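**Q** Could you have a look at this structure, given as structure tokens, before my questions?
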Amino acid sequence: MTRKPRGARGRIERAVLEQLKRLEKTHPQATLLVACSGGADSLALAAALVRLAPARDFKLVAATVDHGWRTESRAQAQKVQELLTGLGYSQVELLTLSPAQTAGKGKEGDARKGRYLALEAAASRYGSLGKNVFILLGHTRDDQAETVLLGLIRGSGARSIAGMRSWDEGAGEQSSRRAGYLRPLLKLPRRDTVAACREEGLPYIDDPSNYPDGPVRAADGTALRRSALRYQALPALEKALGVDPRPALARTAALLQADLDALDAVAADWYAQTLHKEGEAVTLETKQLLSQPPAIRKRVWRLAALAAGVRASDLRKVQLDAVDFLATQRRGTGPIQLPGKVNCTREAGSYQLKFRAQLKG
């Protein structure tokens with residue numbers, strides 16, 4: 001009889017197993033692509049998965065991303081590739097971001113967007129993301145707390161402050177979230193992943209880019225925002241309050257997610273009711289919808305924009321506000337320019353809004 005692991009390794013395996021069992025019921029024999037930076041979080045996840053996933057008939061592959069931020073980045077990514085191969089992964093992709101993907105004013109955001117695009121492209125080689133392929137990420141409760149605080153500091157809305165999901169199931173035009181991302185460790189503290197790696201003797205990488213005084217800086221020369229929160233702001237909050245704020249911040253995200261799901265469900269119903277036709281354009285008949293609160297209306301505009309080809313991560317509040325003004329004030333016909341070369345227009349003398357991808361010329 002095999003003894004079940006205890007301590008941090010045991011907690012991680014139980015969290016991973018819980019999500020695998022859930023996935024097994026709805027997506028048996030799916031391909032799981034593990035994103036691993038070599039840090040303690042993703043390495044602990046990768047180690048647990050290689051022990052648990054094959055027995056449940058999942059195909060397991062891995063990928064690591066070279067952001068190109070430092071001269072040592074390539075060698076570090078190759079080291080991670082070798083480490084994962086040593087753990088038992090037969091397929092480990094090394095994905096490289098171009099300098100243009102990580103050199104913008106929002107360096108962290110640009111790198112994150114580039115990383116997700118690279119992972120999604122890799123996943124597409126194995127099947128359809130969210131259907132028979134899933135990307136697994138090593139985010140922990142600490143990451144969730146940081147995400148909530150970043151949203152608050154930026155003055156973001158509830159969708160941002162609600163943070164990350166342990167399973168992003170949304171897909172297609174009825175969702176504003178990426179489909180097919182799993183985060184089995186989202187309820188566990190980061191100290192568990194570090195402890196698990198030490199228990200197993202795994203040589204995780206402590207990337208200097210993650211530190212406020214590290215070699216990678218924001219465009220204005222200051223520390224990367226998440227690094228400053230992780231190593232300066234959150235410890236200062238804990239010292240000032242006498243209690244670790246991370247669990248409470250993560251609970252806030254969970255509570256907001258439940259509220260968002262309820263609002264999104266109402267908006268999805270209205271979207272279905274107002275959808276006049278699809279094809280060349282996404283057309284909404286909005287007369288009845290205009291009596292609904294802004295929170296519902298703007299969610300419907302969001303769904304229409306996504307259906308027309310806008311990526312959720314590119315859509316901004318100011319753009320949805322402009323669409324809402326066009327619909328409710330009924331002054332002018334537009335167009336409102338949206339990301340992804342999509343525009344929104346109002347049919348003169350009617351309540352119809354059209355979301356259309358502009359033809360390349």
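Glycine is treated like the rest: Cβ placed from N, Cα and C.
Those TrEMBL annotations? Automatic predictions, nothing curated.
Not my notes, these are from TrEMBL:
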| type | residues | note |
| --- | --- | --- |
| DOMAIN | 32-212 | domain 'tRNA(Ile)-lysidine/2-thiocytidine synthase N-terminal' |
| BINDING | S37, G38, G39, A40, D41, S42 | ATP binding site |
| DOMAIN | 287-348 | domain 'tRNA(Ile)-lysidine synthase substrate-binding' |
**Q** For a three-state summary based on DSSP, what are the helix, strand and coil counts in the domain 'tRNA(Ile)-lysidine synthase substrate-binding' (287-348)?
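**A** Its residues fall into 34 helix, 8 strand, 20 coil.
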**Q** Applying a 10 Å Cβ distance cut-off over all chains shown, what neighbour count does G39 (ATP binding site) have?
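**A** Its Cβ shell of radius 10 Å holds 19 other Cβ atoms.
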**Q** Average the per-residue pLDDT over the domain 'tRNA(Ile)-lysidine synthase substrate-binding' (287-348) and send me the rounded value.
**A** 93
**Q** Please identify which of S37, S42 has the densest Cβ environment, defined as other Cβ atoms within 10 Å, among these binding-site residues.
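**A** That would be S42, with the highest Cβ count within 10 Å.
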**Q** Starting from the Cβ centroid of S37, G38, G39, A40, D41, S42, which together make up the recorded ATP site, report each further residue of the same chain whose Cβ lies within 8 Å of that point, ordered by sequence.
**A** C36, L43, A44, G138, T193, Y204, I205
**Q** May I ask you to report the DSSP-based helix, strand or coil state of G38 (ATP binding site)?
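**A** G38 (ATP binding site) sits in coil per DSSP, no helix or strand.
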**Q** CB neighbours of D41 (ATP binding site) within 10 A?
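**A** Other Cβ atoms within 10 Å of D41 (ATP binding site): 25.
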